[in-house]
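To start, the structure itself, in structure tokens.
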Amino acid sequence: MVEGGAPTSSRTEFTECWRTTWRTPYIMRLALTAGIGGLLFGYDTGVISGALLYIREDFREVDKKTWLQETIVSMAVAGAIIGAALGGWMNDALGRKKSILIADVVFFIGAIVMGAAPAPWVIIVGRIVVGLGVGMASMTAPLYISEASPHRIRGALVSCNGMLITGGQFLSYLINLAFTKAPGTWRWMLGVAGVPALVQFILMLSLPESPRWLYRENKVDEARAILAKIYPEEEVEDELKALHESVEFEKAEDSAAGNGMIQKLKGALSNTVVRRGLYAGITVQVAQQFVGINTVMYYSPTIVQFAGFASNQTAMALSLITSGLNVVGTLMSMCFVDRYGRRRLMIISMFGIIACLVVLAGVFFYAAEHSPKISNLESAKFGNSSTCPTYVSAVNPIAWNCMTCLKQECGFCASEVKDLAPGACLAASDSLRDICRGEHRTWYSKGCPSKIGIFAVILLGLYIIMYAPGMGTVPWIVNSEIYPLRYRGTGGGIAAVSNWTANLIVSETYLTLTKALGSAGTFLLFAGFSLIGLIFIYLLVPETKGMQFEEVEKLLQKGFRPKLFAPKDTKGKAKVEE
């Protein structure tokens, strides 16, 4: 239950959150335990990026087939789409707590299947099962936190879920690095994911159901008991009264619209407030994915290799930096989300994302155009049968450089003198890779050596810093507070499905896009998508900072217009503030 008095405007919500949870640690216990669902989400997002490097080494068919790599990554997203859809129904029918417990069981089973997989298709099955659990948790955790938080610190506590998502990503990179030398590498990386699911399952058993859901199920005494643990004694009855009014109004709507899943979906889509909430909720969720964030999260080490760092360990170590910055950015969001507002943070975030993507595209374009030349003499050292067949038959081989070689699915063996000197273009095979490395040369198969490769890594870090405080956490906050109680599970489920569908499209096509457009073209494409997302956020997403749920409903009932398009009063000033 999150109704209550107006928030204190002289403090940031983060400061208020710290003071409130210090006085009432039970609130933080609720938020952190439910937030482990975010940790599962983040761990699964990050762990596959490093595990994929070693899965490619163990299964040659995965290394040779881009579509198979994309499928291993994206099938978790496909499972999450189904999980999010089921989660919306489960939240309303079974309650938030049971939904989280079921998500933990499903995730744990999927982690065991992945860790024991004897073939790529079994990994894919495990990824689907894990995705089901992630999808359920991704929408249930912020909803549970939101409904079990005082409204004046709601944004900061829901941001805890976002912090744990990024914390899970950072943890996954640490785990990846820890197991790079262990037998089974990727099996440990993927199997360890079951541990946090087990921990959350145990902790959730001792926590209550959402007070809002309990009250709606006529369990008033239980709801009051939980509110008494969350609010000061003098506020409990006021909160209970506000909750009663909200629930009674929605029950009246229930009797008119029906309670079946189809009826509820029809009721949601025919309800003006819910529809407008969905415009905003789906916009921010789709925009969150089409800025390209999960190409960085799922393929971060691969992108670092595109930038010219060939070693798996080096690629994962540099990726750890970007993941760490993601945690920092999320902490920044917790500090600023209720000082500057959800809408403003997202708009600022989008401007920064677009700038970083455009400059990043420029860096990759420059690196591709100035990659080391191919030396016929260097290539001949390994024997004519070892040279890349396309290079041998090329009309103008003198024009070839490292990037040309890699586009023909061959490998570049750097010069003995220095990596940026002309090198050899060889057929892609394990034996030639080992021979190249045996001569103390560097073997490149994903990207080329570049003197500006480090700038690409720096720009990835800047991109994360711009993304995390705004588009990283705020979309989940918006979706936890923008729908009426009756449709909160349904609305959140629809928005989460849209998020995962966009995620699936991006993760399933990224490697194919880089192959067709190059890294520069792909990042430029994401910059274009981000610009479109920025426009839609400006037009459709209202500010909900510090509002009670009932106030958000009234705002949507009235209809939101940004200041630029708001009707003017007699003095020429906009009536609707951003």
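From the backbone N, Cα and C atoms, a Cβ is placed for every residue, glycine too.
The transmembrane segment annotation in TrEMBL covers 30-55, 67-87, 99-117, 123-145, 157-179, 185-207, 315-334, 346-368, 452-478, 520-541. Look at TrEMBL and you will find 30-545 tagged as domain 'Major facilitator superfamily (MFS) profile'.
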Positions whose Cβ lies under 8 angstroms from the transmembrane segment (30-55), at least six residues beyond its ends: 21, 62, 69, 72-73, 76, 100, 103-104, 107, 120, 123, 127, 130-131, 133-134, 137-138, 140-142, 144-145, 148-149, 157, 160-173, 175-177, 180, 185-186, 189-190, 193, 196-197, 199-200, 203-204, 207, 294, 297-302, 312, 315-316, 319, 323
Range from 99-117, 123-145, 315-334, 346-368 with most C-beta pairs under 8 A to the transmembrane segment (185-207): 99-117
Long-range neighbours of the transmembrane segment (157-179), counting only residues six or more past its ends (CB under 8 A): 17, 27-28, 31-32, 34-47, 49-51, 141-142, 145-146, 149, 185-186, 188-189, 192, 196, 297, 313, 316-317, 319-320, 323-324, 326-327, 329-331, 333-334, 337, 468, 472-473, 476-477, 480
Maximum Cβ pairs under 8 Å to the transmembrane segment (346-368) - stretch from the list 99-117, 123-145, 315-334, 452-478: 452-478
Stretch in 99-117, 123-145, 315-334 most in contact with the transmembrane segment (452-478), if contact is a CB pair under 8 A: 315-334
